[in-house]
Amino acid sequence: MEYPTQTSLHATIYQALYEHTPEAVLIADPETGQVLEANPAAERLWGYSRAQLCSMSVTALHPPELAEHYWQKFLETVKIGAARERGLLIARADGSWVPVEILARVFPIEKKKLILGIFRDLREEQALREVETLYRALFETSLAGIYLLQGDKIVLANPQAAAIFGYTPEEIEGTSVLELVAEADRPFVIKNLRERLSGQVEEARYRFRGKRKDGSIRYVEVRGRRIMHNGKPAILGTVLDVDDEVRATERLRQSEARYRRLFEHSVAGYYRTTLDGRILAVNPALARMLGYEDPEALNGQSAAILYFNQADRESFIQALRQQGCLVNYEIQLRRRDGRRLWGIENVHIVREEDGTEFIEGTLIDLTDLFEQRRRYLGLYNHTEDAIFWIRVTEDGQFLVEATNPSHQRKTGLTPEMLWNRPLDQVLPPELVAHVTSNYRRCLEAGHPVQYEETLDLPTGRRTWLTQLVPIPDPDGRIRLIAGIARDITEIRQLQALLEAEGQFLEQLIAGASRRALCTQFCHLAERFVPGALASVWLYEEGKLRLCAAPNLPSAFTAAFEGQPIGFDNSLGKALASRQPVWTADIESDPSWAKLRSLRGQTGIRACWALPLIGSREELLGVMGLCFETVRSPSADDQAIAARLAQLASLGMEKSLLRETRERLARVVAQISQGVALTDTRGNLVWVNDAFTRLTGYTLEEVRGKNIEHLLHGPQTDRETLRCMRLRLLRGRAAHARLVHYRKDGSTFWDEVHIDLLYDEQGQHVGYIGLMADVTELVEAERQLEEAKERAEEASRLKSAFLANISHEIRTPLTGILGFAELLDEELAARGQEDLREFAQIINRSGRRLLTLLNDLLDLSKIEANRLELKLCPVEVNEIVEQAAQLMRPLAVDKGLLLELELGHPPLAMADPSRLHQVVVNLLSNAIKFTDAGYVRVHTGSRDGMVWLAVEDTGCGIDPAFLPHLFEPFRQEREGLTQTHQGAGLGLSIARRLVELMGGQISVVSEKGRGTTFEVKLPPALPPKAAEG
């Protein structure tokens, strides 16, 4: 192996250094300045290739402006043999200038001199020095205190940090931080320091009471982050004097441009944009205000996206250019989610050294404040209360400073009349004395005062509830009074009206006659409608009948007595239209053309008429208010008149009901059905005369005695009684036929309906029983059953007999129902809800009996072939919907779902009323025998027929009973074990009706799993077929 000589080894090393050194190396001719050689670093520094560099003079490598100067330096270097200089500038191939440090040396080679130049790029070093200078300047001049803490010692503090605590930096460095903390806050500060130094918390921000050198205490806010300093954990942070939050915030904004960390943690929004609106920077606070998580998302965007109206942006730029800066400039921006942000800006134009202009500003989010102001203004502008502000001048005068719109509407005093004018120039002297005395009372009290006052204002005489609130200035002096006045004129009038109404109602309760009540009412109306002459007219058989008109001329009332209602005058028109009629001038109203002569005879010029309508919307009469002058009603007049009409309607209705009650008392004594009322233990409280006729017992004989002890005997069925008691205990009405005993010991079949009575609070207070002697009906039913077994002919005779019997029973039953309704209305009018329940039970029981009689009549007609059907095309879905609407309350009462799944069946050929009867019967049975689940109706078409089905989730039907299901008077559980009401006629009638309409009815059922009834009806012929 050959080893290189030392010279060749050196050459190799030098060549490697030349090629790979990071510093640019040039070799040039000292006489001409021509570049002879360049290394790769030189290529990178200048941006030229080696060949390009070797073709250039050293002067071409510098900026043209400095070429001559640098050539002289080159010649001086050649002359002295070596040179070293920093800060020279070279010109790169891209035209940029780069600062360099150059080391040049002249050396001989083979009897020739060359100059070697080594260039070091100073850009990074210069940038580092600039950053260092910047941060040093920031550190030294920052308005925020900056500190470095290690252990509990302050290692480093800038002047501001030291000044906050009253020290110089030299005095505070090395001091324990605990000496700067008030004793009470030291445990808190020590805990935070330990958490950060141990790494539990990387960064923290908190406030504590700082102790200054002079011993004074000031609140400071520190924020610090854990760092490593000299290999040990330390805390680098900032400290602010927050005793003056405004100055601290201002210092924070001023330091944002110089110190990035404070910029990042500012609570105020900061931004920088170009004049054309391109966003250059925003801080996190502003980004959050605008709804952005990352501030970078806004950089580069156009500020136009933040404005609702571009005109606002243009106005902002124009004002900024004119003034150079804007202070507390109100602005509204668009958040990212589209919501509005209200804020104030402090903004100015920044001009860089190169002349470039930017906009820098801060934004404070005042959306909540503006929203509160908006709500206040909304309340201020739209409240019905009159709001006013009174300024107290130095000489003790009172000036109206502002009023809200309601104040103007309510008082008739415009802002131009009031604002900033002495009160004696606006209001009458007596009114000025009144209001100013209250203002002085408020000033002397120093707290809100409230009082009631009646004032004569342009809008009329009104009563106000006024509250004055003194508003003290910061110095404690009261120079402003806020006033709120509520117009309570109507309330005071209403109070007086209520008192008068109370007196009227007392007369009503005391039983005053109708004429006396109407006369008192007229006086009341004339009191509350000044200038009115009141009258009350009854509506009887389509005509007007005078009840009272104490002050109207007799010629006027005579003209209307017995007149039919119509549109020829105010009174008749109000009745005919059921609406108030306000005739302001009889002379010009066309409806008074026929009676205009009354103007000259009676002096009546205006007539208002309001119909009197009862609680059931029935016409009772009309109230008239006549005037001797032209009179148009105000809103208050209309409200008072309407209330008076209600009072008159009530009085008239009650008096009519009282008269009806007296008639009813006689009627109840004459009805043929026995009625008995008992307490909760069955002891009799009251019986009617029919009960006495039926049993032989009088009211005096039975009061307080138990009804069972009186009427029950050996032939009374105990099982039926047990079932009835069980139903009553469950809160359900009970109905049965029982053998009862009269006072003389004779027996009779009694159709008993018993229901529970409740008071107004829903408490059970007793029972009501409705009794009817159905001995003949029972005998007729027995005979009907026997006749059916003997022959069909006998069955038809039985049906005829039942029809006759049903007609006989229907006659008294119709009377019972009619008078029960009248009794219910009378009791409702009297407000006797406890007795009203008795009347309603009579009504329900009677109607249940009437339904049974109707079924018997239908059955008898069918069996006698005397039932006539009116067949026509029928929309089945409409029939189903009507029936479902009728039965839905029963389903709801039992907690069942009533569902309709309606298809599109064709029209059926059927009798609409009888088909409705069939559907109602099927729905009634389904609801009756279903305790949970649903009842569902389907419609459609099947096998060329119109099809409907009623499906339930009830108890189902025993298969053994299915063959007898459609037989009359048959139920699955009959006699004493019957659990559901009914005579067993409904399904029998339903099947015969369907068959008479040419259809079919069938049933599918499984015990315990529900039942489905299906009905098929023939479709109606299409129109073309019918025409053919």
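Placed from the backbone N, Cα and C atoms, the Cβ positions cover glycine too.
Now, the feature entries from TrEMBL:
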COILED    770-804  coiled coil
DOMAIN    10-63  domain 'PAS'
DOMAIN    123-200  domain 'PAS'
DOMAIN    202-254  domain 'PAC'
DOMAIN    255-322  domain 'PAS'
DOMAIN    327-378  domain 'PAC'
DOMAIN    449-500  domain 'PAC'
DOMAIN    660-712  domain 'PAS'
DOMAIN    732-786  domain 'PAC'
DOMAIN    804-1021  domain 'Histidine kinase'
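Confidence annotation: the domain 'Histidine kinase' (804-1021) carries a mean pLDDT of 80 in the model.
Per DSSP, the secondary structure of the domain 'PAC' (732-786) breaks down as 12 helix, 30 strand, 13 coil.
For the domain 'PAS' (10-63), DSSP puts the residue distribution at 27 helix, 11 strand, 16 coil. Broken down with DSSP, the domain 'PAC' (449-500) shows 12 helix, 32 strand, 8 coil.
Using DSSP to sort the residues of the domain 'PAC' (327-378) gives these counts of helix, strand and coil: 12 helix, 29 strand, 11 coil.
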